[in-house]
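Have a look at the structure below, then the notes.
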Amino acid sequence: MENQCLPKKVPGFCSFRYGLAILLHFCNIAIMAQRVCLNLTMVAMVNNTGSPHLSNESVVEMLDNVKNPVYSWSPDIQGLILSSVFFGMVVVQAPVGYLSGIYPMKRIIGSSLFLSSLMSLLLPPAAQVGAALVIVCRVLQGIAQGTVSTGQHEIWVKWAPPLERGRLTSMTLSGFVMGPFIVLLVSGFICDLLGWPMVFYIFGIVGCVLSLSWFFLFFDDPKDHPYMSSSEKDYIISSLMQQASSGRQSLPIKAMLKSLPLWAIILNSFAFIWSNSLLVTYTPTFISTVLHVNVRENGLLSSLPYLLAYICGILAGQMSDFFLTRKIFSIVTVRKLFTTLGSFCPVIFIMCLLYLSYNFYSTVIFLTLANSTLSFSYCGQLINALDIAPRYYGFLKAVTALIGMFGGLISSTLAGLILNQDPEYAWHKIFFLMAGINVTCLVFYFLFAKGEIQDWAKEIKTTRL
């Protein structure tokens with residue numbers, strides 16, 4: 001709305017909307033820690049020197065007694081276990097996209113976070129039973145985590161002023177990289193000192209505590225918040241007046257299918273999650289096979305990309321909103337800029353990793369940069385749907401996430417198959433495929449992305465003569 005309608009003084013960082021971003025930040029840390037911890041503990045859980053067993057039964061080796069049980073799972077089984085979380089995430093996207101605009105997000109996100117944490121607590125005993133039960137736990141965890149990661153975007157339709165979207169969403173989404181940083185940093189030490197099962201117990205308990213906090217601290221609509229100042233309420237409501245004035249109408253499916261700006265977002269979501277899932281899932285494996293380090297050193301090295309990614313994500317949020325508030329660039333230019341940085345920079349550093357990494361240090365540097373620069377996309381295509389169709393944002397995020405999850409599922413599973421069949425040239429094939437997908441989708445985005453609300457996303461007003 002017009003600037004004169006907005007309050008002159010509103011709380012900045014010390015406000016409830018930023019408090020909500022921090023709360024979601026910690027929730028995202030929890031679900032990512034629960035998802036990623038298996039990537040590193042798998043190194044300690046599996047006997048790579050023993051004969052593989054393709055059955056669903058876990059063969060326990062007498063190693064370190066109960067503290068560190070070891071199983072003989074083949075690379076195919078390991079790849080299926082690691083990627084099974086994406087099966088659950090894929091299944092839940094469409095229902096969450098529909099329900100997020102109907103049911104309170106307090107219940108949806110709070111209960112889903114609790115379910116994910118419960119599955120983390122149950123995973124060590126499930127491993128004792130067999131690989132099949134581990135896969136079941138991971139699928140259920142994927143359903144819960146997909147609900148949290150997709151449903152939370154609907155929150156910002158009512159809570160994020162347009163000129164603060166970059167900062168609020170980047171602060172929230174940066175939890176997705178801080179989670180892996182924390183879990184990879186400490187999991188190696190936990191495995192050595194307490195055994196790998198304690199990794200799942202610790203992060204499961206943390207998630208349970210956060211889910212209870214969510215029920216007490218979150219309110220679906222800022223106008224219903226009992227402790228928020230009237231100035232902050234007026235600021236949020238006034239800034240969102242244009243897009244929040246009308247309720248959700250029937251979905252313009254045909255118009256959506258014909259929308260090239262929407263397809264640009266969808267394809268780049270596919271490329272982003274393909275790359276992100278691949279690097280998150282297989283960075284510990286790459287470090288173990290290429291650099292030949294122990295579990296503790298593996299965890300430390302695997303955590304470095306996420307620390308830098310966290311910094312890049314926060315920096316991207318500040319920069320994008322700075323460009324918009326100072327009117328240096330238009331919305332579409334900002335989205336294209338950060339999408340390009342988040343898609344093309346990882347490709348450059350992956351190629352450097354394959355052809356210019358001559359020693360231990362150069363390998364670590366290029367791998368760290370390839371992982372971390374993905375987070376520039378937080379202020380690019382990942383929030384572009386909020387620009388072009390705020391009224392359907394929850395549904396569109398579910399659709400883009402659904403198609404993106406297929407990318408994550410395919411990349412994780414395919415990488416496991418390639419590593420099993422062609423160990424010598426596997427990483428070249430895996431990374432070249434990732435680079436090709438990133439560049440192709442980026443070109444499409446650069447040609448067709450938009451920053452203004454599309455005609456099919458505007459309220460239709462009928463006039464009678």
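Cβ coordinates come from backbone N, Cα and C, glycine included.
On a predicted model such as this, the values are computed, not experimentally measured, just so you know.
Looking at 21-41, 399-419, the range annotated in Swiss-Prot as transmembrane segment turns out to be 399-419. Record check of Asn56, Asn371 in Swiss-Prot: the feature N-linked glycosylation site is attached to Asn56. According to Swiss-Prot, the listed position annotated as N-linked glycosylation site out of Asn47, Asn438 is Asn47.
By the Cβ criterion (under 8 Å, sequence separation of 6 or more), the transmembrane segment (363-383) is in contact with the transmembrane segment (304-324), since 3+ such pairs are found.
Long-range contacts of the transmembrane segment (429-449) within the same chain: residues 260-261, 263-265, 267-268, 270-271, 274-275, 278, 282, 332, 335-336, 339-340, 343-344, 346-347, 350-351, 353-354, 381, 384, 407, 411, 414-415, 418-419, 422, each at least 6 residues beyond the stretch ends and with a Cβ under 8 Å from a Cβ of the stretch.
Residues 75-76, 78-80, 82-83, 86-87, 89-90, 93-94, 97, 146, 149-150, 265-266, 269-278, 281-282, 285, 385, 426, 429-430, 433-434, 437 of the same chain lie 6 or more positions beyond the ends of the transmembrane segment (399-419) yet place their CB under 8 Å from a CB of it. Classification of Asn39 (N-linked glycosylation site) by DSSP places it within a helix. Between the transmembrane segment (304-324) and the stretches 117-137, 176-196, 199-219, 260-280, 337-356, Cβ pairs under 8 Å are most numerous for 176-196. For Asn39 (N-linked glycosylation site), the same-chain residues lying six or more positions away in sequence with a CB closer than 8 A to its CB are Leu82, Val280, Thr281, Tyr282, Thr283, Pro284, Thr285, Ser302.
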